[in-house]
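Contents: one structure, followed by commentary.
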Amino acid sequence: MDRAAVGSPRRTPSVPECNISTSTLAFDHHFTTTATGKLHLAEIVFGMLVWILVEGTEYFHLPALCWVMFVAIFCWVLTICLFIINLTGAHYRIPQVPWTTLALCLNCSATALYLVTAVIDSFSVNKAVRGRHNYNCWAASAFFAFLTTLCYAGSSYLSYCAWKTAEEGQ
């Protein structure tokens, strides 16, 4: 007897079917052209320059520069995470998180931390001998720390505007 002719009954799976979406995160091509995207990129680049310039020296002899390294790397990592979240559109897929409030808190705290860091970094330049490697690197890192502070201040303003708009819309 032919097996195809008999027609065996189809077994249903014991696991219930779930409506699972296999969609992936979309890459938002326009985010990097917005003011927020450009400021995030500037924060990432300038922040990276701050910690690379300090890290390339003997900063561990000055406790103040250890603080500079901590703030620079901490804010840099958080900014990269927020940039990736915005770039991939993950903030649209997780509406339970108040992203505008989170961005506002991150940018305002980073502005305050980086302002203190830039001042500490600029005062630490006097501890090095003028014209030497440490002096040049610390002076450059202080300059980029102030630039990063300005970028975070701009992001704070844009985050505040977005937060205010979101609050009025509710």
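Placed from the backbone N, Cα and C atoms, the Cβ positions cover glycine too.
Here is what TrEMBL records for this protein:
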type	residues	note
DOMAIN	31-164	domain 'MARVEL'
TRANSMEM	37-54	transmembrane segment
TRANSMEM	66-87	transmembrane segment
TRANSMEM	99-123	transmembrane segment
TRANSMEM	135-155	transmembrane segment
Among 37-54, 99-123, 135-155, the stretch with the most Cβ pairs under 8 Å to the transmembrane segment (66-87) is 37-54
In the same chain, residues at least 6 away from the ends of the transmembrane segment (135-155) whose Cβ sits under 8 Å of its Cβ atoms read 35-36, 39-40, 42-43, 46-47, 49-51, 53-54, 56-57, 59, 65, 68, 72, 75, 103, 107, 110-111, 114-115, 117-118, 121-122, 124-125, 128-129
DSSP assigns the residues of the domain 'MARVEL' (31-164) as 118 helix, 0 strand, 16 coil
The predicted model's mean pLDDT over the domain 'MARVEL' (31-164) is 92
